[in-house]
Amino acid sequence: PPGIAGDFQLPENISTVEKNPISLVCEASGIPLPSVTWLKNGWPVTSNTSVRILSGGRTLRLTHTTVSDEGHYTCVVTNAAGEVRKDFYLSVLVPPGIVGENKQEDMKVKEKNSVTLTCEVIGNPIPQITWIKDGQPLMEDKDHRFLSSGRFLQITNAQVSDMGRYTCVASNTAGDKSKSYILNVLVSPTIVGADSHGSAEEVTVILNSPTSLVCEAYSYPPATITWLKDGSLLESNRNIHILPGGRILQILSAQKHSAARYTCIATNEAGETLKHFEVQVYIPPTINRGDVPGMGLSHKEMKIKINHSLTLECEAHAVPAAAISWYKDGQASHNLIYFYGHTLQITEAQVSDTGRYTCLASNIAGEDEVEFDINIQVPPSFQQPYRGWEAGNMVDTGRGGENKDVIINNPLSLYCETDAVPPPVLTWYKDGYPLSSSDKVLILPVPPSISGADGDLPEEVNVLGNKVAVMDCVTSGSPSPSITWQKDGHLLAEDNKHSFLSNGRRLQILNSQVTDTGRYACVVENIAGRAKKYFNLNVHVPPSVVGANPENLTVVVNNFISLNCEVTGFPPPDLSWLKNGKPVSLNTNTFIVPVPPSIKDHSGTSVTVFNVRVGTPVMLECKASAIPPPVITWYKNRRIISESANMEILADGQTLRIKGAEVSDTGQYVCKAINIAGRDYKHFHLNVYVPPNIEGPKEELIIETISNPVAFMCDATGIPPPTLVWLKNGKPLENSNSLDVHIFSGGSRVQIAHSQLLDSGTYTCIASNVEGKAQKSFVLSVQVPPAITNNKSEPEDLAALLESSINIGCTATGMPSPQINWLKNGLPLSVSSRIRLLSAGQILRLVRVQISDAGVYTCVASSRAGVDNKHYNLQIFVPPSLDNARGTEEVTIAKGSSASLKCFTDGTPAPAMSWFKNGHPLSLGAHQNLSSRGMVLHFAETEIGDIGKYTCVASNKAGDVSKHFSLKVLEPPQINGSGQPEELSVIVNNPLELPCISTGIPIPKISWMKDGRPLLQNDNIRVIREGLQITSAQVEDAGRYTCLAFSLAGDDDKEYLVRVHVPPNIAGTSGVQDLTVLQNRQVILECKSDAIPPPTISWLKNGELLEGTPRIRILSNGRYMQINNADLGDTANYTCVASNIAGKMTREFMLAVHGKIMDSFLCILLFA
């Protein structure tokens, strides 16, 4: 019986990767040689281009497996002795495939929206899907959900942190694949400080001052910022700079028309938002100092008679409207104020109204003031002072004057005192004629005096910080004395901080500071003398004399000499000159001379300009010489400078030192030197320059794919605004005619519309101003995605002979140079002694190739710019192989049967089959056909003419092989007349021949059977060449004879039904038998006969056929003749005739019927 090698009772599970070949082997054995049939899922397997049945059916080879090849395969082995089966379960593993796997997709989603990344996979077994973000496994959470077993990654409530590279990896036992997404979360712009209700941010700026509007927008991608002014598009101009990137709008010098609604619009593809700025330009107050029609005069000095009315007007222009305040001698005025403070009215002016009136117009932008010196004039009137010591000598002359008596040669003093304002000019008359001084008459002035002065004892004045300090110096004298104020021995000049009111009789210090602490002195003098009153304001500082002490001087007699005494101290010290310890008396030869200030290196109103670098120290020199030493005050932009951490005043004000210049230090500086003799000014203009600075790192690497746009941003700042120049590889960059390279206005941005390889290089932005240069480089690398030469969408077919070598070339271009890797059947290719990579992977060399080397090879060229791949379908050409090649296979088949000459062959490519008969190409007949790609020659019904030598030749590019078949057509045995059984009869002891003439190839063998049993020959029965001979047939020779002709081609038989006939034989003696019977009696004549076949018995009466009657009856098929009631007429010669096919026999009876002798007697003659 048939058998299959191995444990065929257990099914065999086999797996293979799609597109790989697989062979199912069914090693069958048995006698006779069994046939092998293959079933798939219960249906016969048919050969085709990818399914081959080789080695006589023992091997089922699938050359290019697909998923449809999966299933239950059965090998059925059959021969005449039985059948056996073996089951195979084939699983075709399909490496994972992902829809769009070769293309990286860019996905965008707005912040807080949802996005779904798709990973549609195929493969067998079903691939497992995992997700990776930026190289790290992605874990599922409430915002990241894996749907449909990972086929979908759903990101809800997308955040900026969700941005990145997402990769879905599909893997199964056949391999893995991946697909990447670049997810950008678009963040709609938000502007810091923007109000959701659209209200504007209020920005105030003082006229001619700079301001900046900052539009700090946060978004992704970075928003494009546009500025509007009152709804119209705004661009940079001389006064408005929009810095690179648009974040900051600078108004360099705010003007009245700069007041407007400015709108910053931040836009990106996720949306837009805006922010409004209401810019108000505050204009510092400016007081009209000219005539105001209809409102009287408004002058610096105004005089009015006592008891008259006075109106002071103060019209100021300002935005916002200025608040008007009035002060008298530094104190708030309590006079009537009209028209929102613009008018101050004094009614019935009195002497106490005399003073300095200040109109102060102020708003948030600044202030302005105008001062009115009001003098209330009193007409002269004479006083008659009481002098006790003269009481006895005074005579009241009444309204006209006084009478004076004097003793001759005694002195007389006449006093003429008046309270007129201003002090009147006094003229003395004698007898109506003007009187002048002479040796006898002296017109003496009245020395000045100060109320409350107590020698050197100062009046202590205490004042709170930032409050107004007032020191009064009420003086009298004739002529009216001049009043000067000193601080720490230095002449105090009037300025914005120090005011002299009431013709100098009051010193007012506004906004008192610690630096104002010191010793102040009010000095009054006229030609009659001088007076001084001291005030101690806060801290006393001892006096100090500048210079060497003692100082030795030498002078030639009668020559001029000047002694300089420079002192400092708080309060200003009293300067006294002593000689030999005694006060110096002033005379025509000795003078105390004040010298007006003179500032070195100064001429007129010229301005000294300083241009300094930010952060560097600045020294503004104001070296003034004067006697007494001047008081030096520094101003910036018309405001007194106070010392700070960064700014200090040195050398008694002669040096203003800025430790580290800042941009805010830019402005107009004035130093004012003042003493009693005069004043001098020096003007400076300080420009603080800032070297250029470019935001960001010094060098940026920009990598871009060819044909994509590229932009370089050069956000440069500096004072003065820097000039921007662009270089490419060290050479000036200019706009191209095609606008592919465009330098935007101002140079802050360079854009390349469609980047090309030639655009690669180093782009340098150089920002320069007078303070230096700054530069930033952009190293542009224009990358070209890898491209493999001669790459096509379909795989390139390659072939190599088994055991030969082959080089697979893969030349790829790109920038940067791509790295080349190789895959086989989708999996990384491992190098070995037979598999080598040459020329940096551009050549894959396979040495001594084997069948296992066949497959799909993929060259993967990759770089940062992308990936390209090319597939090669490598076939290993294997020479054809045939079982029993070069030998001859004997094939024997019965005529008319179907036959197949199987010439199954292996080989790659599939061999071409050729058939020959007796050395000549085979011409197929109607009953012949080829199948299985010519590997099987079918004979539908073999004929004798098909006998011959058949040769199959399998050939491919690797070689050829042949196999011979010797076809013998067997003709089944054919016995003449074998269609139906034949009956033969023979009379016993006669000879008989049963003919059995047969034909067939090979000559059939003959055997005989009798009644189903092999016939045994004997002397009477012999098998002859043409049949069976029975020499003398006997009864026992009768029966069913079968002639059986058989050979390898089949068998045939012919049946004979042989009957041996035996002639009839009648029992009894021979001759006539006489019988006598009485009348009316019954008589029975017996004719017992044996014969084969049984004889037919008939009766004759006197030679005539006797027919039966009711009285004469023939019984038991003629064996008996019965005569009832015999009568005399029945007497006759009766003959019994027994006959069959073999002959006949007779027996005669002579019946005599006698009349009745004895009634009861019956004579019956019986013959045995």
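Backbone N, Cα and C define each Cβ position, glycine as well.
Pulled from TrEMBL:
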DOMAIN    2-91  domain 'Ig-like'
DOMAIN    96-184  domain 'Ig-like'
DOMAIN    189-280  domain 'Ig-like'
DOMAIN    293-375  domain 'Ig-like'
DOMAIN    448-538  domain 'Ig-like'
DOMAIN    543-582  domain 'Ig-like'
DOMAIN    597-675  domain 'Ig-like'
DOMAIN    697-781  domain 'Ig-like'
DOMAIN    786-875  domain 'Ig-like'
DOMAIN    880-968  domain 'Ig-like'
DOMAIN    973-1045  domain 'Ig-like'
DOMAIN    1064-1152  domain 'Ig-like'
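Two recorded stretches are said to be in contact when at least 3 C-beta pairs lie under 8 angstroms, sequence spacing 6 or more; the domain 'Ig-like' (189-280) and the domain 'Ig-like' (293-375) meet this definition. Taking the domain 'Ig-like' (189-280) as a whole, pLDDT averages 89 in the prediction. Between the domain 'Ig-like' (697-781) and the domain 'Ig-like' (597-675) there are 3 or more Cβ pairs closer than 8 Å, counting only residues 6 or more apart in sequence, so the two stretches are in contact. Scored by C-beta pairs under 8 angstroms, the domain 'Ig-like' (880-968) has its highest count with 2-91, from the stretches 2-91, 96-184, 597-675. With DSSP states grouped into helix (H, G, I), strand (E, B) and coil, the domain 'Ig-like' (189-280) comes out at 3 helix, 51 strand, 38 coil. DSSP states for the domain 'Ig-like' (1064-1152), grouped as helix (H, G, I), strand (E, B) and coil, give 3 helix, 52 strand, 34 coil. For the domain 'Ig-like' (786-875), residue counts in helix, strand and coil come to 3 helix, 52 strand, 35 coil, using DSSP. Look at the domain 'Ig-like' (973-1045): DSSP puts its residues at 3 helix, 40 strand, 30 coil.
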